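Database features, via TrEMBL:
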- 20-43: transmembrane segment (TRANSMEM)
- 37-283: domain 'G-protein coupled receptors family 1 profile' (DOMAIN)
- 55-74: transmembrane segment (TRANSMEM)
- 94-116: transmembrane segment (TRANSMEM)
- 136-154: transmembrane segment (TRANSMEM)
- 201-221: transmembrane segment (TRANSMEM)
- 233-255: transmembrane segment (TRANSMEM)
- 267-285: transmembrane segment (TRANSMEM)
Amino acid sequence: NFSQVTEFILLGLSDTRELQVLFFTFFLLAYAMVLLGNLLVIVTVRTDPKLSSPMYLLLCNLSFIDICCTSVTSPRMLVDLLSQRKAIAFEDCIAQLFFLHFVGASEMFLLTVMAYDRYTAICKPLRYTAIMSQQVCWVLVSACWAGGFVHSTVQTLLIVQLPFCGPNTIDNYFCDVPPVVQLACTDIYVTEWLMASNSGLISLVCFLVLVTSYMFILVTIRVHFTEGHWKVLSTCASHMMVVTLFFVPCIFIYLRPFSTFPSDKHISVIYTVFSPVMNPLIYTLRNSEVKASMWKLWKRCRV
């Protein structure tokens, strides 16, 4: 395009030195937890033949996506927290934006598929193996990645055709669609509505599908309630909590015109850092089979 901007300046989370050191320590620990927790889930699922059902295949993919999602933003943020000048090249900014939306949208689709998997297992248990076979599961996972790629490609193409001629300051700790689009030196009314209808509607529709699937599960449990359904109810509640932490900030940020609200960088921390930390805790530590497999893996490693 006809951009004159070769780099962007990231303002980060704070310009106070003491807070920057505090944030660096906190986010370094959070990033280490994301890497260790999700890698442990992947290794456990891949090494235990008993964890071969579609649910664990989806869980393994979720852990991989969480690692990718937080790795797009966290390493750069950690470096910038210790740097005086937080500059990022134009090409690197666009690449970061592309991969963030690629893995972010893929995770939205995957969480929706996981909710459908739980709905099928609880509401249609006799037909579960026929509906959610290994082949169907792999097709759904591939569709999640393909959907994320298409979504991110559309977002990126809408941005790269915009001219940027200054200013070049982004009030955030990473490159995202709303703050970058607002720096374009042209009328962005149509572009921002196209992007809001893209990212925002994907977030909203996936979240509504998730809520609907859990409502069907709760209705099924209420009609055919047994002693073991207390555990299902508790699991659904914890899943909805972490899903809400991921989707609600995305809906708030993307389903509106970008220029009508101030920076959302503190809200972005929820779905780029907190959610990837919570996912392995919620989806694995409440699962007795995964915990048993982790314990066996630990005992094998000690031998």
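Numbers here mean position along the shown chain, with the first residue as 1.
Each Cβ is built from the backbone N, Cα and C atoms, and glycine gets one as well.
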Per-region confidence, the domain 'G-protein coupled receptors family 1 profile' (37-283) (mean pLDDT, whole number): 85
Sequence-remote partners of the transmembrane segment (267-285) [C-beta within less than 8 Å, at least six residues beyond its ends]: 13, 27, 30-31, 33-34, 37-38, 40-41, 44, 59, 62-63, 66-67, 69-70, 73-74, 100, 104, 172-174, 176, 238-239, 241-242, 245-246, 249-250, 252-253, 291, 294
Stretch in 20-43, 55-74, 94-116, 136-154 most in contact with the transmembrane segment (233-255), if contact is a CB pair under 8 A: 94-116
Maximum Cβ pairs under 8 Å to the transmembrane segment (201-221) - stretch from the list 55-74, 94-116, 136-154: 94-116
Positions on the same chain near the transmembrane segment (94-116), where near means CB under 8 A and six or more residues out: 55, 58-59, 61-62, 65-66, 68-69, 72-73, 76, 88, 140-141, 143-145, 147-149, 151-153, 155-156, 159-160, 174-177, 180, 199, 202-203, 206, 209-210, 213-214, 239, 243, 246-247, 250, 271-272
Contacting positions for the transmembrane segment (136-154) when only residues 6+ beyond its ends and CB under 8 Å are counted: 54, 57-58, 61, 98-110, 113, 117, 198-199, 202
